Amino acid sequence: MKHDLIRRLTTYAKIDTQSDYASTTVPTTDGQWTLARLLVDELKEIGMSDVTVDANGYVMATLPANTDADIPTIGFLAHLDTATDFTGTNVNPQIVEAYDGEDLVLNATLPVILSPKDFPALKNYVGHTLMTTDGTTLLGADNKAGIAEIMTAMHHLITHPEIKHGRIRVAFTPDEEIGRGPHHFDVAAFDAKFAYTVDGGPLGELEYESFNAAAAEIIFHGTNVHPGTAKDKMVNSQKHAMAFQNRLPGDEAPEFTDGFEGFYHLISFEGSVEKTTVQYIIRDFDRSKFEARKHFLTALVEEWNKKYGAGSVEIKLNDQYYNMREKIEPHMEIVDIAHAAMESRGVTPIIKPIRGGTDGSQLSYMGLPTPNIFTGGENYHGKFEFISVDNMVKATEVVVAIAERFAQSAK
């Protein structure tokens, strides 16, 4: 199983599948199509049924039940794309056998060093087989590790018919990293009662609560005049954007918040004297606080226009997803089964809120309650990303155990 997971993740990681905010196609990048087609072939090869990829790049497949018991259809999902935060081109995964707890030189030339001094969690992986980057790209274990684990779990169930299970659906979705993953997901065609995203981090993560999320684009308009004759004429939109940013509560940013605390996050600032465009994401677990954050921004824009003239600044706000807890709590048996499945494989469940979102955040509001389980990875979205292959094995075993538990609960 370990070898299969390494082989699969290495193959998937080498395909550049970064999504693209600016694109209006689905998927937003050609690389996601490349991976989708590869997965279709692999699903057929391992013996899955009803293997499809639709016009939007959503891959689906079925593992038929091997028992006549009345077991609800469950699903497992992972996403094709990788984050936009750091390059995913020419990924070159590195394997570290029996990690010794010391510094890992990812790239001697640059240099890039993955050190337990900077990332103390590394000490949890002494003796493990690790997969790392070469220091020049992200790894893409988010979420290609989840794809590898689901694929390996399905192959295990197919080759071990003595493990009884109900009908299982799997899906691999595009554009999750830019919040569009479920936008064209056909819940009716997927035809599952419950599902799990395999899109978490370290060993044991079990999550059924996510942020409420919105995105804001704020455009500042200025007036460009030759600087030599600009007195009382020039309006520098960049300075207005900086002043606006300084009006936001400085301690309510990602680098200063944790647990259930929300934030405003400045993700992009592009401008000139004439025009500056600023992108924010807004996050909070509490729905009323989430709405208050959005109101704060719109009120600040109104204040700006009153002070500097109508049309000086404009805002576009759109909600991305909501806290999935509201939709999962009425079906807590799916969390309980995942909890028991982890314990049955020697994994201590860690139930905590997702300081982010998954496809499950939106799918749960589309009628498919979908909590999230771990993959085994750490430091996602950057050059220090790594994953324990040993914990990938555990994640695969947990997927198998969830299928078993649903079958057992139907007896």
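Easy rule for this one: first residue shown is 1, then count along the chain.
Using the three backbone atoms N, Cα and C, a Cβ is placed for every residue, glycine included.
Among the candidates Asp16, Asp20, Asp142, Asp258, the residue that Swiss-Prot annotates alongside His79, Asp199 as binding Zn(2+) 1 is Asp142. Counting only the Cα atoms, the space from Asp81 (active site) to Glu176 (active site, proton acceptor) is about 7 angstrom. Cβ proximity to the Zn(2+) 1 site centre (mean Cβ of His79, Asp142, Asp199, cutoff 8 Å) flags the following additional same-chain residues: Ala78, Asn143, Lys144, Gly146, Glu176, Glu177, Thr197, Val198, Thr358, Asp359, Thr375. Of the chain residues outside the Zn(2+) 2 site list Asp142, Glu177, His381, Thr82, Ala83, Asp85, Leu138, Gly140, Asn143, Tyr380 have their Cβ within 8 Å of the site's Cβ mean position. Rounded to the nearest whole angstrom, the C-alpha distance between Glu177 (Zn(2+) 2 binding site) and His79 (Zn(2+) 1 binding site) is 8.
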